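K.L.:
Shown below is the structure under consideration.
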Amino acid sequence: MSSLQRHFLRRVVQGVGRERKSRWGLITERKMANVVNDGGDSTEEIVNGAVGGGGGVEDVYGEDFATEEQFLTPWAVSIASGYNLMRDPRHNKGTAFTEKERDAHYLRGLLPPAIFTQELQEKRLMHNLRQFEVPLQRYMAMMDLQERNERLFYKLLIDNVEELLPVVYTPTVGEACQKYGSIFRRPQGLYISLKEKGKILEVLKNWPERNIQVIVVTDGERILGLGDLGCQGMGIPVGKLSLYTALGGIRPSACLPITIDVGTNNEKLLNDEFYIGLKQRRATGQEYAELLEEFMTAVKQNYGEKVLVQFEDFANHNAFDLLEKYTRSHLVFNDDIQGTASVVLAGLIAALKLVGGTLADHKFLFLGAGEAGTGIAELIALEISKQTKAPVEETRKKIWLVDSKGLIVSSRKESLQHFKKPWAHDHEPVKNLLDAVKVCKKNTGISYHLRN
């Protein structure tokens, strides 16, 4: 291949020249066959070196530029046209393909002759979605759209965020997870089970994208308020990462939803012939810890130290342990413990403009002492410590928590879960919330009551 031919091919692949705006990264086999190879660089080498991390038809939302581009590995290069292109959700535009694009990508005859703009497609789909009376039907329709036309899915979600957030995430995603085995169509993430123990790194390499920035992972033990849904908890990481893209601007290809399947203690699922996960009791103790350790090690090895791992909907006894264990070695985050806390603290700081004083002037009472409650309490204590320079052990004394057995006090310390123990203050036992409120009012001149 001559240097002129190589230069021309690189320009075609990169979308330089008159076609620069659309950044075509889809090189058809038919066009590639027309390039004469005279013993120089192979076609594959040129494609691998030129395509980089982006590509596709017009980059409406700037996905290719949201992060640094990275050369794709050979098995991840997509050379698609015609029928195959229309089944690639990342690049399919459906009836929005222009006349020029239909010629360039061999789509003639594969689409009806009418050309619908993305705005007209959006209008039609929103009309169709509003015809469904059952929220789960809307959820399934949105998931179908995401699987066939990713850009249109995010266009709908971004433009109609208030209407569609309850569809793709809470509360509808809860019902979707409960029925995930029955509505399951196409995998939307990685499933890592006990069967993959010892080869998790190989499993991660099966995912086609290399430049992963955010991983949302769950073991399905505490899905929303629905309890143990095992492998069917995958709907949560998928939905959460849709929000990362729609609201946070993270490109979809940089997001990876993962479910770690260690079994389930849900009898209904264990007896369900359509359940998609391991039909065995949950692994615990050393077996569980070893699997999570291998997973976290493989994640860092495969994606580097900067990849964010968000622990999502783990049960309390694992959520706090995992966050504490890996916070110094990995970039980790727990939305229930830390995310909710940051939002509540921001609200409290804003409220001080109306109620007056500082955080240290108030006493806080929580109804609930789970991941969210204790996470919020700890962040408030840390903020007061930062403002007053007092030890956090002292600032925690301004915060009281009530769980299912009453006020958390020191006489209960031996029976408390470890994450509740910092909040066990010296006081006689109090069984109900009303009496707990009276205790807080008695011990301070200014009180602030926060219901979690």
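Cβ coordinates come from backbone N, Cα and C, glycine included.
All TrEMBL annotations are machine predictions without curation.
Annotations for this protein, taken from TrEMBL, read as follows:
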- 146-327: domain 'Malic enzyme N-terminal' (DOMAIN)
- TYR169: active site, proton donor (ACT_SITE)
- ARG222: (S)-malate binding site (BINDING)
- GLU312, ASP313, ASP336: divalent metal cation binding site (BINDING)
- 337-452: domain 'Malic enzyme NAD-binding' (DOMAIN)
K.L.:
About how far apart, in whole Å, are the alpha carbons (Cα) of ASP313 (divalent metal cation binding site) and the residue listed as '(S)-malate binding site'?
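P.N.:
Answer for this pair: 5 Å between alpha carbons.
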K.L.:
Under DSSP, the domain 'Malic enzyme NAD-binding' (337-452) has how many residues in helix, strand and coil?
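P.N.:
Tallied per class, the domain 'Malic enzyme NAD-binding' (337-452) gives 66 helix, 16 strand, 34 coil.
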K.L.:
If we check Cα distances from ARG222 ((S)-malate binding site), which of the recorded positions TYR169, GLU312, ASP336 wins as closest?
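P.N.:
Checking each of TYR169, GLU312, ASP336 against ARG222 ((S)-malate binding site), the shortest Cα distance is to GLU312.
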K.L.:
Restricting to the same chain and to sequence separations of six or more, state which residues have a Cβ under 8 Å from that of GLU312 (divalent metal cation binding site).
P.N.:
VAL216, VAL217, THR218, ILE236, PRO237, LYS240, ASN334, ASP335, ASP336
K.L.:
Do any residues at least six apart in sequence from TYR169 (active site, proton donor), in the same chain, have a Cβ closer than 8 Å to its Cβ, and if so which, in order?
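P.N.:
In sequence order, GLY239, LYS240, SER242, LEU243 meet the Cβ cut-off.
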K.L.:
Report the member of ASP313, ASP336 (the binding-site residues) whose C-beta atom has the most other C-beta atoms within 10 angstroms.
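P.N.:
Result of the Cβ crowding comparison: ASP313.
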K.L.:
Specify the count of other C-beta atoms within 10 Å of the C-beta of ARG222 ((S)-malate binding site).
P.N.:
23
K.L.:
Give, as a single whole number between 0 and 100, the mean pLDDT over the domain 'Malic enzyme NAD-binding' (337-452).
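P.N.:
88, rounded to a whole number.
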K.L.:
Around the divalent metal cation site formed by GLU312, ASP313, ASP336, list the extra residues of the same chain whose Cβ is within 8 Å of the site's Cβ centroid.
P.N.:
THR218, ARG222, ILE236, PHE311, PHE314, ALA319, ASN334, ASP335, GLU371
